[in-house]
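Engineer: So Swiss-Prot lists these for the protein:
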SIGNAL    1-20  signal peptide
DISULFID  CYS31-CYS183  disulfide bond
CARBOHYD  ASN50  N-linked glycosylation site
CARBOHYD  ASN120  N-linked glycosylation site
Amino acid sequence: MGSKLLVLFVFVMLFALSSAIPNKRKPYKPCKNLVFYFHDILYNGKNAANATSAIVAAPEGVSLTKLAPQSHFGNIIVFDDPITLSHSLSSKQVGRAQGFYIYDTKNTYTSWLSFTFVLNSTHHQGTITFAGADPIVAKTRDISVTGGTGDFFMHRGIATITTDAFEGEAYFRLGVYIKFFECW
């Protein structure tokens with residue numbers, strides 16, 4: 001009987017102590033930060049040799065060599081863009097950004113992105129996968145890093161995108177600032 005009371009007492013004390021200690025959540029701190037730039041050159045019917053992206057679907061009556069009017073609603077673009085560590089398109093490539101974006105809002109410039117960085121350099125080997133909404137007119141936008149392979153196996157985090165350069169509908173450069181919060 002005495003041992004049962006002792007076990008019950010220990011159990012009650014442990015329960016009381018566990019509920020008395022506030023459950024503090026660890027603040028999220030990035031385990032790795034990276035910065036890349038990718039350069040997109042939209043095919044316009046005349047630049048096949050240099051183009052890195054193309055319109056593959058458009059609203060009825062709209063050309064596949066020119067974005068739809070107004071907010072480009074309904075255009076789907078696939079891309080295979082060079083990734084560099086600097087702003088310059090002519091700098092050494094460290095990989096390719098491969099995926100698509102869909103202009104999905106009628107009254108403002110917004111797209112939905114899904115793409116993968118395929119990295120093959122002396123510094124990084126593997127892939128990083130991204131997905132999310134991109135309100136293009138915002139100065140900075142956050143999208144999810146949903147996973148990776150190789151050096152980035154099971155990584156997750158946030159990528160902050162900035163439009164670093166914009167030359168009409170022909171060319172744009174995005175700065176991608178990646179913060180990984182889960183690293184293996």
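Note that Cβ sites are derived from N, Cα and C of the backbone, with glycine treated the same way.
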Engineer: Could you state the whole-number distance in Å separating the C-alpha atoms of CYS183 (disulfide bond) and ASN120 (N-linked glycosylation site)?
Structural biologist: 19
Engineer: Name, in the order they occur in the sequence, the residues of the same chain whose CB lies under 8 A from the CB of ASN120 (N-linked glycosylation site) and which sit 6 or more residues away.
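Structural biologist: Looking at Cβ-Cβ distances below 8 Å from ASN120 (N-linked glycosylation site), excluding near sequence neighbours, one finds VAL94, GLY95.
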Engineer: How big is the Cα-to-Cα gap, in Å, between CYS31 (disulfide bond) and ASN50 (N-linked glycosylation site)?
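Structural biologist: Rounded to the nearest whole number, the Cα-Cα distance is 37 Å.
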Engineer: Please work out the number of neighbouring Cβ atoms within 10 Å of the Cβ of CYS31 (disulfide bond), leaving out its own Cβ.
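Structural biologist: Summing over all protein chains shown, CYS31 (disulfide bond) has 13 other Cβ atoms within 10 Å.
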